[in-house]
Amino acid sequence: MADDKSQIKINFFTNEEDESLHTSDAPLYVPVSLKRYGLSEIVNHLLKKDGETDETKPVPFDFLIDGVLLRTSLEDYLVKNGLSSEASLNLEYTRAVLPPSFLASFNNDDWISSLDTINPLSASVKASNMSISQPKILSGSYDGIVRTYNMSGKVEKQYVGHSGPIRSVKWISPTRIVSSGNDRQVRLWKTSIDSNIEDDEEIEDGRTLAILEGHKAPVVSLAVEYQNNRILSAGYDKAIGFWSTNYREMTTIQPLEYDSNVISTSSKKRRKMALQDSTIRRRSPLSFLEGHSQPVEDVIFDFNDATVGYSVSQDHTIKTWDLVTSRCVDTRTTGYSLLSLLQLPSLNLLVCGSSARHINLFDPRVSSTTTEQTNNQKLIGHTNFVVGLSKCPTNDNMFASCSHDGTVKVWDVRSEKSLYTITREQNNAAKGQDKVFSVIWDNDIGIISGGQDKKIQINKGSDITK
């Protein structure tokens, strides 16, 4: 153990665009006992301009060594990496991530299974050549109802049609949404009049535009590719559906042909809904992707190439798909069920949440040549299944995760431990009844999460990296 007089030579540098945060690159000697706070004090002292008083609000900084966030003292870092205090360290400093403080909470009638958002800068808005003035939240619930909320927490519209719990919801455009559920259906919905699309006049706002049939088990996840008008669906029938957001591009199914897919029940409500559905147009998928041996949990499009998709499954695998040929072109195997999936495109990483409670990072460019893929980074912190992931809209290194442990965690891939843990603000649920099922990180709204507590919780998500 080094004493308080032990020092190490360091060089501070930053890649921050703000010139006022740049300081001299002259080397300094500092105590090896310093942690982030002490190093941050030194940088603030170096940045202090002539005439500034001690009352000037300091800027909190994080520090990286060789691209990894420093989460210990300099001394502990040296010991862990087998370095001597006679070494010289280059410390990159960057604005620290601020706590994602609680902002608001909206009530819902049942468990919230899925969330999505739309704002003026959303990809779904840009691709549609439309505009919106205010952000909105889309929710799917276990009561079978899809809802849109405004930022006052008011339900603006409800979409009723599914005969079982909703499992996934996505905005397609300001006037279209898509949902899927335990009733094995994918539904396209019309939210409002769209002058750019010629729809049948008899379809009212908030009504089903088309039912997309083909899955033989619950459909638990959806992905939308806005530029090419495509949808991927993940099913518990071990299959992935490939659809169009425009029902005219898919083959018609006559309602009588698909009566066998209506869940058998004596429920008066379900019989009534099935009768109503008999008048709604139905479509079959453009293709079905088969190859998983267990239920598919999540699916996404590649951010840079819309002809490529990725999926994760309870069969422990991540699969890469060629959507043109409907073929699986790569499979890598882990030792646990994979439950959620996210791409960090600028880092060429796939982020996978697992039943083993940890989060794995994979590079899809590295072809899997063995049955066990081991060269990946593992993030540990959750204590139950990791079922939802969402990328930070302003920082390529950051994302949020949600878990059945009742928390949302904020991560930076440059650190093995989470930066912050968000708990439920009004947690009156019994232990094990506070699962969080969905998280979305929206630049306008914040970090939005929902689950068993029937509440849409919003935490600060913008400006926390400034």
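Glycine residues also receive a Cβ, built from the backbone N, Cα and C atoms like all the rest.
What you are looking at is a predicted structure, and each value in this text was computed from that prediction instead of being measured.
The feature region 'Ubiquitin-like (UBL) domain' is assigned by Swiss-Prot to 8-95, with sequence analysis given as support. According to Swiss-Prot, the repeat 'WD 1' annotation covers 120-159. The repeat 'WD 2' annotation in Swiss-Prot covers 161-199. Per Swiss-Prot, repeat 'WD 3' is recorded for 214-253. What Swiss-Prot records for 291-331 is repeat 'WD 4'. The repeat 'WD 5' annotation in Swiss-Prot covers 333-372. The repeat 'WD 6' feature in Swiss-Prot is assigned to 381-421. What Swiss-Prot lists as repeat 'WD 7' is 431-466.
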Tertiary contacts of the repeat 'WD 1' (120-159), as residues 6+ beyond its ends and Cβ separation under 8 Å: 104, 106-114, 165-175, 177, 179, 181, 183, 187, 189, 191, 194, 196, 205-208, 224, 226-227, 442-445, 448, 450, 456
Closest-packing stretch to the repeat 'WD 6' (381-421), where packing means Cβ pairs under 8 Å, from 161-199, 291-331, 431-466: 431-466
Beyond the flanks of the repeat 'WD 7' (431-466) by at least 6 residues, Cβ under 8 Å: 95, 97-117, 119-121, 135, 137, 139, 149, 151, 153, 384, 387-395, 398-408, 410, 422, 424-425
Integer mean pLDDT for the repeat 'WD 7' (431-466): 90
